[in-house]
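Q: Take this structure first; my questions come after.
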Amino acid sequence: MKILVCISSVPDTTAKINFTADGKSFDKNGVQFVINPHDEFSLNKAVELQEKQGATVTILTVGDATVDPVMRKALAIGANDGIRIDADARDDFFVATQIAKAAKDGGFDLVLTGKESIDYNGGSVPGLVAAMLDYGFVNGCIGLDVEGSSAKAVREIDGGKETVEVTLPAVIAGQKGLVDEAALRIPNMRGIMQARTKQIAVVAPEATETKVEVVGYVKPAERGNVTLIDKDNVAELVRLLHEEAKVI
Amino acid sequence: MAIFVYAESHDGKYKKAGLEAVSYAKATADVAGDTVTAIVFGNATADELYKYGASKVVKVDNAALAKFDANSYAKALAEVAQGDVVVLPSTNEGATIAPVLAYKTGASLVTNVEKSPTAVSPFTVARKAFSGKGVETVAVSGKVVVTVLQNAFGAKENAVSGSEESASVSVSDADAKVKVVSTEMASSDKIDLKEADIVVSAGRGMKGPENWGMIEDLAKVLGAATASSKPVADIGWRPHAEHVGQTGKAIAPNLYIAVGISGAIQHLAGVNGSKTIVVINNDPEAPFFKAADYGIVGDAFEIVPKLTEELKKYKGQA
């Protein structure tokens, strides 16, 4: 079984988010980039399938050469090789087009992604890829078993969970729960050394139309300073919540 | 041409997020000088939607839509929602349908919008980005599919006179690419965390799962849902479904009360959309106080029961 795991390179959660002076893009200066947290669960699931069922795991990232360290980390976790689409991850349609093409060209049985990236919060790419390829699409996946040419998945739904079946090839968007938190692999020395020589094929992007134009970014209005209430005057909090905040 | 909206419903009842989506469509229609057509699968009644601004309600009754499938639902919506703007709630269901619908209709996709659009041509709108640390404004030409962030816009009554009609779609069981084997819903008396107006949340400061009674009591008097930080979900003190944060749920209630949670950035990423944040913690240096509107420094085991008492008095329940 050939698995394609889509990895987004995103700013570390603790990074200060700033935008360029013209407000049109994210300011990458001084920012540490990491594997998108949701993608980590999908990557670990793929490596589990590699170890248990002999699957091969290829990671794919859309980005310029600066995403190489993040890809090497994913390779160190256990992926076999990688594909880097040499372009900025411009918008969801662009990214999905690249993934769909690679998935089809490479004959991948399973396309695993994270449910959403923590930078642009789109959550669009997995579904777009599935639609472009006319594959089954399972979103919010918190459990996955693959047997032959079909998969049984558990997905989180509003207010509960659902067990589903889908024939391969399929697109699965994973999240926390897809593998146990405790089972998330940390690259060891051997993994990191091996990752240095694993193959990353660099591929030119396929052009797409840009239909969504970014007008600009702003930081949201800051909350004011906290109003501290004395622990012996809890009634004051109730009053403020009613009269000032108007939430009760 | 109308502004179309998928009014998500389950078992004959509209989801709160579905009503929010209709309100959003109405606000969009007002900007466009247009009207709202709501699409309903199943048997929820049309007249409730007139209250939220839908002047036309199209009911689709098709057995193949009884169980959810992204491809089937997207195909059905593509057939009945033939317009330049289609609005869906950003629920699990809406977020799963939207990309497939966008591709099928050649529309652009804008997800997690927080405000009504300032223009419709091009469709110019603000959306959530950087896990709440940024707001992105985009402008889209041509057709657009929009998903509305839950609890960001609100279900606003804006009654219009409306009419109902039926539509059929050419969807059959063969269109389902993902077959539902079984569904397990959380107990129905629990308030859905993503829909709740008020959420009471607790973390490691509670010292053990046996101490959660006072959190549940506080939630009960407020009619709130309960949530938790990641560490206590990971060690099994609370169910995973309660975990709010970067890899848990992202919520945006009117009021978020955090008890014994220090306020790590990963946690804030899941709750920074809350309108009002109250932090109760006995560590005055807890980072959460910097992200809070109101705070009490002290022992939660004393403060929380007092807060519950005061709330009961306030609500005339004492």
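Placement of Cβ uses the backbone N, Cα and C atoms for every residue, glycine included.
Caution: TrEMBL annotation is automatic and unverified by curators.
Pulled the feature table from TrEMBL, pasting it below:
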type: BINDING; residues: B:Arg204, B:Gly260, B:Ile261, B:Ser262, B:Gly263, B:Ala264, B:Ile265, B:Gln266, B:His267, B:Asn281; note: FAD binding site
type: DOMAIN; residues: B:3-184; note: domain 'Electron transfer flavoprotein alpha/beta-subunit N-terminal'
Q: On the Cα atoms of B:Arg204, B:Gly260, B:Ile261, B:Ser262, B:Gly263, B:Ala264, B:Ile265, B:Gln266, B:His267, B:Asn281, which are listed as binding FAD, what is the maximum pairwise distance in Å?
A: 18
Q: Listing the binding-site residues B:Arg204, B:Ile261, B:Gly263, B:Ile265, B:His267, which lie under 8 Å (Cβ to Cβ) from chain A?
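A: From B:Arg204, B:Ile261, B:Gly263, B:Ile265, B:His267, the ones near chain A are B:Ile265.
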Q: Counting all other Cβ atoms within 10 Å across every protein chain shown, which of the binding-site residues B:Arg204, B:His267 scores highest?
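A: Compared across B:Arg204, B:His267, the most Cβ atoms within 10 Å surround B:His267.
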Q: Look up B:Ile265 (FAD binding site) in the DSSP assignment and reduce it to helix, strand or coil.
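A: In three-state terms, B:Ile265 (FAD binding site) counts as helix.
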Q: Quick one: mean pLDDT on the domain 'Electron transfer flavoprotein alpha/beta-subunit N-terminal' (B:3-184)?
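A: The average pLDDT of the model in the domain 'Electron transfer flavoprotein alpha/beta-subunit N-terminal' (B:3-184) works out to 96.
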Q: Count the other Cβ atoms sitting within 10 Å of the Cβ of B:Ile265 (FAD binding site), across every protein chain shown.
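A: Taking every protein chain into account, the count is 17.
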